[in-house]
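Visitor: Structure in C-alpha cells, see below.
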Amino acid sequence: MGTGKGSIVPTESRRPSGDGTEGPLERVVSGPPYTIFSPASRLFIVITVSLSALISPFGATTFYPALDVLADELHVTPSLINLSLTTYMIAQAIAPSLIAGASDNTGRRLSFIVCFIIFICANVGLALQTNYAALLVLRMVQASGCSAAIALGTAVVADVATSAERGRYMGYATAGLLFGPAFGPTLGGLLIEYLNWRASFWFLCIFTGVLLVVFTLFFPETCRNVVGNGSIPAKGIDKSIIGEWQRRQYRRRMALEDEKSSIHTTRPKKTASFPNPLHTLKIVAEKESGLILFYNGFFFTGMMMTTGAIPTLYSEQYGLSVLETGLCYISMGVGSLVSTLTMGHVTDWNFRRHAARLGFAIKRGRQQDLSNFPIEKVRFQVVLPGHIIGTLAYIAFGWTVHYRTSLPGPEIALFFIGFGVSTAFNLTNTLLIDLHKDKPATATAAVNFVRCLLSAGGAAAIIPMCNAMGIGWAFTSMALVYVVWIAMLPLLMAKGMKWRQEAAAKRKVKEAGVAKSEHDEEAQTRGREQREAEDKDEEAKADNSI
C-alpha cells in the first residue's frame, strides 16, 4: 500500500476493477490539487513567512540589552523600563485577534503589508523618541505591528500544505518565532556594544523594509477564501509576480493534460468585516482547543521565563558582560534548529504510519476529511518525547546555574530546552491548524493570545522566584507544572477525536437551525409579498368595476 505524502483516502478505493481499468480511486482524487504552488514556490513561501516571524521576537529581545541604558537616559527606574516589556506582551496578545483574524476573509498579503508598515513606523518613532511616555506607547504600537505576522505565517502553511505534510512546513514557518528569542539578545548586544541603543530600532526598520518590498512584489496570495487553491486570478493588492506565474504554469499544465474542467474558476465571495476578537475567544473556550492552547502557552512561557532570566542570572553567577551573555543564547537557537529540521519529518512519518495501520492510503496533494482520523495521536505521540526532554532540561538549567558549574553545563541544558520547547510548540500549533482548517489565522491568533498573556506574567515572576526560593528550586517548580501537563497528553489522545466529533455535530445542528430560520423567514417574506400582490389585484378589480 502506498504511503506517499498527501491526504488520506480509503484503501478500498485503490483496488482495481475486474476489467483491468483503474477502480474508484481515480474518481476520488481526480479533482483539483490542494494547492497549485510547486514545491519550490511553497519553500519560498514558507521561508519568507518564517523570516517575517522573526520581527516579533526580535522586537522584544533586541530590546533586552538596552534596558539599563534606557533607564539612565530617560531618567526612570529599571522597574518602569521593565513595564514596557509587560505592555509589549499585552499588545502582542490582543493585536493578532484583530489583524490576523480578518485575513481569513480578506487575504494574507494585505494583512502582512499593513503589519509591516505599522512596525516600520513604530521603530522609526522608537529610534527618535526621547521620553518615557513615548517609549511605552510606541512599544505597544510596535507589538501590534509585529505580532500578527506569526499568526499570518501559520495560516499560510494551512493554505498550502495538507495535514499529511504540514508537520515539516509548520516547523520551518515557526522557526523564526523560536530562533528570535535565542539570537535577538545577541544581535541587540552587538548593536549596543558597537553603536548605541537606537541602532537596534533602525536595524528592525531596515530589516522589515526589505520584507515589505519582497512581500509586495513576490509573495503570492494564499488565502483559500480569496484565491482557492491558487488557481483563481488575484485582483488588486492580491496580485504578485509568483502568484501570477504559478497560475499560468498551472493552466498551461492542465491544458496539456486536457483537464481544463478541473481548474477552479469560481471566485469565492471576498467579504470584509470588522475584526471580531470574540472569534478568538470562542476557540479558547472550546474543550479540546482550550486544553491544547494552555498546554502550548505554558510550555512557551517557560522558554520566555528562561530567556528573560538569563541576563540577570549570568551576570550575577558568572560575571558575563552584555555581549558575552547575548552569545550564550545561541545554544538554545541551535536546539530549536535541530528540532525544526527533524521533528516535522518525524510527525509526517507518524501520520503515514497511522494511515497505513488504519487502512488508509495517502494521495499526494489532496486534503480530505480527517473527522475519523486520530490526528491528536499523530501529533502528541511526537510531542511527548520533546515534552519530557524540555522538562528535564529546565531542571538541569536551574541547578547548574544555582551551583555555578562550568558554563557548558547550563549551555547544554539550554540546547535541550530549545529542542523540547520547539518540538512541543510547533506540533501543537500544527494540531490546532488541523482542528480549525477553515480559520487558521484566527486559531493562531488564539495561540498568540494565550501564550503572550502567560509569558507576560511568567517573565515578570521568574527573578522574584529565584530570589525567594533559589535558582534551582525556582526552575524545578516551573518544571513541576510541565509534569502535571504530561497527564493531559494521554487524555487528549484518548478523547480528542470524540470531542472533535461532538463539536462538529453541534455545529451542524446550529447551522441547520440557522438555515431553517432563514428558510422560514424567506417563506414569510414570500407569503407577505403574495398577499400584498393579491390585495393590489383586488383593489384594481374594484376600481375597474366602479
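Here the Cβ of each residue, glycine as well, is placed from N, Cα and C on the backbone.
Here's the feature list from TrEMBL:
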REGION    1-27  region 'Disordered'
TRANSMEM  43-67  transmembrane segment
DOMAIN    45-497  domain 'Major facilitator superfamily (MFS) profile'
TRANSMEM  79-98  transmembrane segment
TRANSMEM  110-128  transmembrane segment
TRANSMEM  140-160  transmembrane segment
TRANSMEM  172-195  transmembrane segment
TRANSMEM  201-219  transmembrane segment
TRANSMEM  292-314  transmembrane segment
TRANSMEM  326-347  transmembrane segment
TRANSMEM  382-400  transmembrane segment
TRANSMEM  412-433  transmembrane segment
TRANSMEM  445-465  transmembrane segment
TRANSMEM  471-492  transmembrane segment
REGION    510-546  region 'Disordered'
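Describe the structural context of each listed feature in the structure shown, including burial, neighbouring residues and relevant distances.
Guide: For the transmembrane segment (79-98), same-chain residues at least 6 beyond its ends with a Cβ under 8 Å from one of its own Cβ atoms are 56, 59-60, 63, 67-68, 70-71, 132, 135-136, 139-148, 150-151, 275, 277, 279-281, 308, 441-442, 444-446, 448-450, 452-453, 455-456, 459-460.
Remote same-chain partners of the transmembrane segment (110-128), defined as residues 6 or more beyond its termini with a Cβ less than 8 Å from a stretch Cβ, comprise 52, 55, 59, 99-100, 102-103, 134-135, 138-139, 141-142, 144-146, 148-149, 152, 198, 201-202, 204-205, 208-209, 211-212, 215-216, 219, 237-238, 441.
Using a Cβ-Cβ cut-off under 8 Å and counting only residues 6 or more beyond its ends in the same chain, the transmembrane segment (140-160) has close neighbours at 34-35, 37, 42, 45-46, 49-50, 52-53, 55-56, 59-60, 87-96, 98-100, 103-104, 108, 111-112, 115-123, 125-126, 166, 169-170, 173-174, 176-177, 222-224, 230, 429, 433, 437, 440-441, 443-445, 447-448, 452.
Within the chain carrying the transmembrane segment (382-400), a Cβ under 8 angstroms from the stretch's Cβ atoms is held by residues 167, 299, 302, 306, 339, 343, 346-347, 350, 409-410, 412-417, 419-424, 427-428, 471-476, 478-479, 482-483, 485-486, 489, all 6 or more beyond its ends.
Beyond its flanks by at least six residues, the transmembrane segment (412-433) meets 154-155, 157-158, 166-167, 170-171, 174, 178, 182, 289, 292-293, 295-296, 299-300, 302-303, 306, 328-329, 331-340, 343-344, 347, 375-376, 379-380, 382-383, 385-394, 396-397, 400, 440, 443-444, 446-447 of its own chain at Cβ-Cβ distances under 8 Å.
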Visitor: Sort out the residues at least 6 away from either end of the transmembrane segment (292-314), same chain, that have Cβ-Cβ distances under 8 Å to it, and list them.
Guide: 61, 64-65, 85, 178, 181-182, 185, 283-284, 320, 322, 324-325, 328-329, 332, 387, 390, 394, 397, 401, 414, 417-418, 421, 424-425, 428-429, 431-432, 435, 446-447, 450-451, 453-455, 457-459, 461-463, 466, 471, 475, 478, 481-482, 485, 488, 492
